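These come from TrEMBL:
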- 212-221: compositional bias 'Basic and acidic residues' (COMPBIAS)
- 57-186: domain 'Cytidyltransferase-like' (DOMAIN)
- 257-364: domain 'Cytidyltransferase-like' (DOMAIN)
- 200-224: region 'Disordered' (REGION)
- 12-30: transmembrane segment (TRANSMEM)
Amino acid sequence: MVWEKEKIVGTCLLGGAAFAVGASFLHLFLNGDLPLGLGLGTCVLSPFRKRKPVRVYMDGCFDMMHYGHCNALRQARVLGDQLVVGVVSDEEIIANKGPPVTPLHERMIMVKAVKWVDEVISDAPYAITEEFMKKLFDEYQIDYIIHGDDPCVLPDGTDAYAHAKKAGRYKQIKRTEGVSSTDIVGRMLLCVRERSVSDSHNRSSLQRQFSHGHDSPRFKDGVSSAGTRVSHFLPTSRRIVQFSNGKGPGPDARIVYIDGAFDLFHAGHVEILRRARELGDFLLVGIHNDQTVSAKRGAHRPIMNLHERSLSVLACRYVDEVIIGAPWEVSKDTITTFDISLVVHGTVAESDDFQRKRNLKKEASEKKYYEQKAFVSGD
């Protein structure tokens, strides 16, 4: 509930004339200190009045959702009391941009999981039409429509937010530099392209370059020879603070710990974090550093660097705190230091050891089959 404190005013009728009496004057009257010669007829007191919450609307495709999307939603939420987010339908994206990488139901899961989001509208249109704008104002009680400072142009060359701007109900936020869905797809394509190169050192070097935002001779001005832009994400302590909850666990809190790479943060990550959070009062997430992920997953990983992955996890409403650069092994010291009550792990193992052991079991099973193989009739 949102309240707006107002100056206390009593409306007093004296000798047939109306006077507005301020809080200090009314205080004198209530305490019997009103100056002689002044009488008071009727007094009406209105100390507080409930203020209507400011509701803001922001839409987007939110394809391959990343920390840039989350930061946009954070900024939008600052401009109001309640944030309503429209997720554009697959059909609308296909018509205006081409097919999305992530289907609508997964994009809905991702947007709902962002801690600054209050409501979500599915199948939102790509452009703010007059009809849809009226629906936002009347049905959803939207006060302002928000978008980034980057242009959103329709196939016919018109501005997707022209009607909102004309109505005077448009507000703008700053675009988050250093990342985009196109950039992430580019990083993935570079990984696939370089896998065919036999020199593992060069492949590892390439991964480091685009994960950390460094250029090499084959990248000029942050763009590869294939036209793919390389990220130049610059982490700051201020951004971490903006994404952080800023609250620690209570004295008797049951602290649940889960760790992982959380690379290319997706709906599966959201689900396991949700389920982990349900097991306690405070969810602490350990995020492995780039070197650990590369050693365990291969030279081409991670796609997103440590700080990018940390921001994506911090934006999730089920997460209370993160350890940036958590150790691979959950040691007794880690458990003691953070007062961890429960360590949670998913059913899919993160390490190459698991894959190796699984393959050994399969090989043993195959060997046993051929050793005991008997003739079976039939075609």
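Easy rule for this one: first residue shown is 1, then count along the chain.
The backbone N, Cα and C atoms fix where each Cβ goes, glycine too.
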Per-state residue totals over the domain 'Cytidyltransferase-like' (257-364) - DSSP helix, strand, coil: 47 helix, 21 strand, 40 coil
Number of helical, extended and coil residues in the domain 'Cytidyltransferase-like' (57-186), per DSSP: 48 helix, 29 strand, 53 coil
